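Take a look at the structure set out below.
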């Protein structure tokens, strides 16, 4: 395991229109580890993820991924960091399988067809491989996005509430896949409201909040989520 | 790292893969493609033919420049043509800033921008699309303005070509330079604001020029060196933008692409309200320096009016739109050759409609998202009535400016101002009627038009608002054409204004369904 953390965030301050989104955030993620961001709706979890992906300029603090300042304009950065945000946009004329093939080929995967077949199977989309996105349900479209996150090489996987729109069986399968990801040496950063997913995947957690953002044990983070008012 | 990788493809490969895969499923063969090209060609030819017809009519109808000078500011037709071109540059710059000009939205943003491929290859077609469209439209438009407004006989083909070249290259250069600015991190909102400022300056320049005696006799034929210089600028800006395409951050590309997608969708569905929202929201600041206290708000009714006023006050584009539209009648009156009743009436209706649309921004947003309406204890009909307050007040100011210009031409200021006051409710009613129009009904029978086949229901919906203006201002139109105001016309205007108010406040109640 390399000594350089995959992600290093120090006193990161983010804002929209000049107003801070949350209290300064600090954390590191080593290779083979998973860190979960928890907090109430609107607390800034997704904003932190967007900053890690280079989609939002920090106001202050430092942010490094794989030992380098974040710059998503660099091809190397995009080759190493995979993400699944809350996008819901698809090419209307490309099938489910073709979306995955596009991703795999775009990343130069050696056997894109085999990988696509495997992901379709794992994410329960085999029967919909030839279906256009317009005919998918909301949950199936979410599974397609998640599958795309795995259809490429990566050293860091960033997921924004991956449990959204998934049934219990698929959530369990996702948790298993994320555990396998860290077992193989990959790093995972996810924002979640699902205590079961958190407990089965994350090694540490960070509570993102307006007043103060702090590190939590997984058990405390799961308790914090369970104490959240129903959404 | 979990999957082995080989060489990644180029951005161009990704574009081609996506397009080729989509093509296999599109079902469109060469026949359909040729059909589309033919259809686009015929539609463009009809459009240009109609424009040329209008231009020829204008050239024949415009009186010689030796007509008696108007009182007050006095402009020449070539001067007006120059100002029109300047206004067009402002519109172009504003649009370039709002649309990016380089952007990637929808599926491309989600599935392409995360790939480790060269973004230049991905973005090249997107980067040239807007400059090409702007160049083509500008070339045609400038030629039409030159031919129509200069009213000089004996235009040479050489001049037409040079004007077209300057228009096309100038517009392309402007959009490409905006793209270069975007690649260097220029804020899109500032580019759009620069365009707005330029547009706002045009009426000021018109008045200043009119009073200072700036009356160019003719606009010079563009020298070849200008065409060459513009061509060099286009090539240089194009190359620079191409080299810097990969430096545009994904967040900027996504923002611009989102606005462009929304705008294109609005145009395809003929939804002018959605188009306005797309162009306004994309360049709007996300935070205000000061929080409005609304200290004068003391009731639900005043809260609603205050909200509408805040929406208008915080939209510089719409304020510029109102001010610019208020100057149009004065400019028309100031140009001797076009200061005739027919042109004045047309300018009055068109500029008034442009101003009216700007004042209805609050009502349009409320129609889309009636958050405040639901919070306030007000009946729907009363909400509609209150929504006429802001358009009514602003259009009263516009009317006073517009009718004062008419009075400068015709005399009898007090009668024209009375007509201004009495006709204002028509604008207020039309503003609310157009803001609350339903979505177009695409299911009706098709009617063939120069722009293609359109369902009847679409035309009916799009006419809501303009119909009130046209019918409600019949007495005013007659007065402008006659050149004087009579008591009968004032009374008729009171009646049509009352009808327009009633139409604006009218709520269509769904019929109850009995099982």
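For all residues, glycine too, the Cβ spot is worked out from N, Cα and C.
Unlike curated entries, TrEMBL annotations are predicted automatically.
Summarising the annotation, TrEMBL assigns transmembrane segment to B:37-55 (among others).
What TrEMBL records for B:75-96 (among others) is transmembrane segment. Same-chain residues lying 6+ beyond the ends of the transmembrane segment (B:75-96) with a Cβ under 8 Å from its Cβ atoms: 62, 65, 130, 134, 138, 141-142, 145-146, 149-151, 170-171, 174-175, 178-179, 191-192, 194-202, 205-206, 209-210, 214-219, 279, 317, 324, 331, 334-335, 337-338.
As annotated by TrEMBL, transmembrane segment applies to B:126-148 (among others).
Annotation comment: TrEMBL describes B:160-179 (among others) as transmembrane segment.
Per TrEMBL, transmembrane segment is recorded for B:191-211 (among others). When Cβ-Cβ distances below 8 Å are used as the criterion, the transmembrane segment (B:191-211) is approached by residues 72-75, 79-80, 83, 86-87, 89-98, 178, 181-182, 283, 316-317, 320, 323-324, 326-328, 330-331, 334 of the same chain, each at least six residues removed from its ends.
TrEMBL lists B:223-241 (among others) with the feature transmembrane segment.
Annotated transmembrane segment per TrEMBL: B:342-360 (among others), in sequence order.
Sequence annotations record features per position, and here TrEMBL assigns transmembrane segment to B:388-409 (among others).
Long-range neighbours of the transmembrane segment (B:416-436) within the same chain, counting only residues 6 or more positions beyond its ends whose Cβ lies under 8 Å from a Cβ of the stretch, are 273, 352-353, 355-357, 359-360, 363-364, 366-367, 384, 387-389, 391-392, 395-396, 398-400, 402-404, 406-407, 410, 464-466, 468-469, 472-473, 475-476, 479, 485, 489-490, 493-494, 496-498, 500-505. What TrEMBL lists as transmembrane segment is B:416-436 (among others).
Annotation source TrEMBL lists transmembrane segment at B:442-462 (among others).
Sequence annotations record features per position, and here TrEMBL assigns transmembrane segment to B:469-485 (among others). Taking Cβ pairs closer than 8 Å, the transmembrane segment (B:469-485) reaches residues 341-342, 344-345, 348-349, 352-353, 356, 406, 409-410, 412, 415-416, 418-419, 423, 426-427, 429-430, 492-493, 496-497, 499-500 in its own chain, all 6 or more past its ends.
Of the ranges B:126-148, B:160-179, B:342-360, B:388-409, the one with the most Cβ pairs under 8 Å to the transmembrane segment (B:37-55) is B:126-148. Where the transmembrane segment (B:342-360) meets the stretches B:126-148, B:160-179, B:388-409, the count of C-beta pairs under 8 angstroms peaks at B:388-409. Here the transmembrane segment (B:160-179) does not touch the transmembrane segment (B:388-409). Their Cβ atoms form fewer than 3 pairs under 8 Å, with each pair 6 or more residues apart. Counting same-chain residues at least six beyond the ends of the transmembrane segment (B:126-148), those with a Cβ under 8 angstroms from any Cβ of the stretch are 48, 51-52, 54-55, 58-59, 81, 84-85, 88, 92, 96, 99-104, 155, 159-160, 163-172, 174-176, 179, 219, 234, 238, 241-242, 245.
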